[in-house]
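Undergrad: Structure provided below as structure tokens; questions to follow.
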Amino acid sequence: MHNLSAQPWQAKMANLTYDNVTLSNRSEVAIQPPTNYKTVELVFIATVTGSLSLVTVVGNILVMLSIKVNRQLQTVNNYFLFSLACADLIIGVFSMNLYTVYIIKGYWPLGAVVCDLWLALDYVVSNASVMNLLIISFDRYFCVTKPLTYPARRTTKMAGLMIAAAWILSFILWAPAILFWQFIVGKRTVHERECYIQFLSNPAVTFGTAIAAFYLPVVIMTVLYIHISLASRSRVRRHKPESRKERKGKSLSFFKAPPVKQNNNNSPKRAVEVKEEVRNGKVDDQPSAQTEATGQQEEKETSNESSTVSMTQTTKDKPTTEILPAGQGQSPAHPRVNPTSKWSKIKIVTKQTGTESVTAIEIVPAKAGASDHNSLSNSRPANVARKFASIARSQVRKKRQMAAREKKVTRTIFAILLAFILTWTPYNVMVLINTFCETCVPETVWSIGYWLCYVNSTINPACYALCNATFKKTFKHLLMCQYRNIGTAR
């Protein structure tokens with residue numbers, strides 16, 4: 001948390017001289033920070049800070065509009081980013097410009113009431129930003145470490161409650177103390193032309209707030225991201241693509257064979273074997289007939305009995321699919337084979353290896369002695385295989401989309417955490433130094449470090465665009481006024 005109590009000129013107050021009067025820390029004298037900038041420097045400062053404020057406002061408005069108009073961006077994680085963009089927008093509109101006025105003028109020209117309101121707004125918004133980052137980090141951590149239980153509770157309503165809690169808690173922590181401390185202690189000790197938090201005038205107290213508001217959250221977020229990264233790498237290793245040689249050796253195929261019909265004169269029927277390979281959701285027919293008795297014609301299937309399919313995808317090559325007669329309500333966990341059904345059982349195995357998915361289906365023939373009604377044809381199993389192939393293809397596509405989405409989220413989180421740490425660390429290091437040496441940090445360095453905290457709000461929208469192609473395309477559509485397909489841009 002950046003802190004206005006540690007302004008660079010405050011450390012020099014004991015030695016300032018105005019009108020041949022040596023001043024100490026006396027509350028009855030109005031002390032104002034010296035203005036050491038030349039006119040050219042003031043113009044440069046105003047231009048740079050004004051440009052940063054404009055870019056911050058435009059960038060965060062783009063983020064908010066993108067999430068609003070593009071359905072692809074309306075996810076729980078992006079709602080957290082929406083909250084963060086709101087905080088950054090407030091900083092761009094108010095905090096940046098008021099602090100620029102303070103720097104250029106060399107003193108606070110707007111009075112005590114505006115000063116306290118600015119400080120309260122600045123601290124509440126900054127604390128809300130940190131808490132939003134913590135929420136994003138914890139949310140991603142639970143998504144990775146508890147993928148089976150946490151997503152069920154990860155609803156839009158829950159996200160809204162967490163965001164509201166972050167803002168309300170930030171307001172309770174800072175606003176009352178900043179606005180009413182002078183009434184609690186009975187007097188205002190902040191000089192008329194200065195603006196800082198009265199109860200943080202002690203450098204040791206300032207450092208304590210920096211520990212609680214910056215260093216501790218940074219440690220927590222870093223630890224969480226390390227766990228997120230390790231869990232993601234573990235997933236990659238688990239689904240690492242095999243070599244070509246291994247894939248050839250482990251090729252899964254789909255075999256189905258109709259049972260041999262037993263008739264009255266014990267003459268065997270022709271057994272037909274159809275081999276179909278299912279790779280990446282595509283079926284390739286390779287029929288081959290093996291005739292056991294010549295002169296016999298293949299038996300056609302005439303029954304129109306329908307069946308329902310219950311499928312559970314697994315790895316480790318474990319068959320988990322069965323076909324049950326229509327109308328049966330057995331649980332897939334306890335399947336039951338109907339002896340009068342045309343098909344006794346279908347086994348399906350889907351093996352996911354990195355970006356390649358291989359599906360194998362096996363139709364187990366009916367038991368010996370089954371009636372003529374239980375024979376299988378060539379065409380019906382092939383149609384079923386294609387249906388399963390379509391399901392497998394759809395599942396692979398969904399997995400790839402989910403993996404790409406997770407990669408975007410993780411990359412975005414890393415970018416905004418890195419930007420937060422890089423921009424907020426210099427100032428908070430100076431706060432640490434100022435605790436032990438009040439005159440060691442030059443005025444200009446203080447101002448630059450303090451402004452870097454604000455620059456974080458400028459960088460965040462760029463992080464979203466660089467790490468998420470959907471954000472980038474939506475930004476482009478909004479800036480170029482191309483609204484036709486903006487709602488579904490990917």
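Backbone N, Cα and C atoms are what each Cβ position is placed from, and that goes for glycine too.
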Undergrad: Between ASN20, ASN265, ASN304, which does Swiss-Prot record as N-linked glycosylation site?
TA: ASN20
Undergrad: Check for me whether Swiss-Prot puts LEU73 and SER394 on a single side of the membrane.
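TA: SER394 and LEU73, as annotated in Swiss-Prot, occupy the same side of the membrane (identical topological domain).
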Undergrad: Check for me: which candidate out of CYS86, CYS115 does Swiss-Prot give as the disulfide partner of CYS195?
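TA: Here Swiss-Prot pairs CYS195 with CYS115 via a disulfide bond.
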Undergrad: Test of record reading: of ASN25, ASN456, which one does Swiss-Prot tag as N-linked glycosylation site?
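TA: In Swiss-Prot, ASN25 carries the N-linked glycosylation site label; others show none in the record.
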Undergrad: Flag the pair the transmembrane segment (413-433) / the transmembrane segment (159-181) as in contact if three or more Cβ pairs fall under 8 Å (sequence separation 6 or more).
TA: no
Undergrad: By Cβ distance under 8 Å, which residues at least 6 away from the ends of the transmembrane segment (448-467) in the same chain are close to it?
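TA: Those are 2, 4, 49, 52, 55-56, 59-60, 62-63, 81, 84-85, 87-89, 91-92, 95-96, 99, 126, 129, 408, 411-412, 414-416, 419-420, 423-424, 426-427, 430, 475, in sequence order.
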Undergrad: If you average per-residue pLDDT over the topological domain 'Cytoplasmic' (227-412), what number do you get?
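TA: The average pLDDT of the model in the topological domain 'Cytoplasmic' (227-412) works out to 53.
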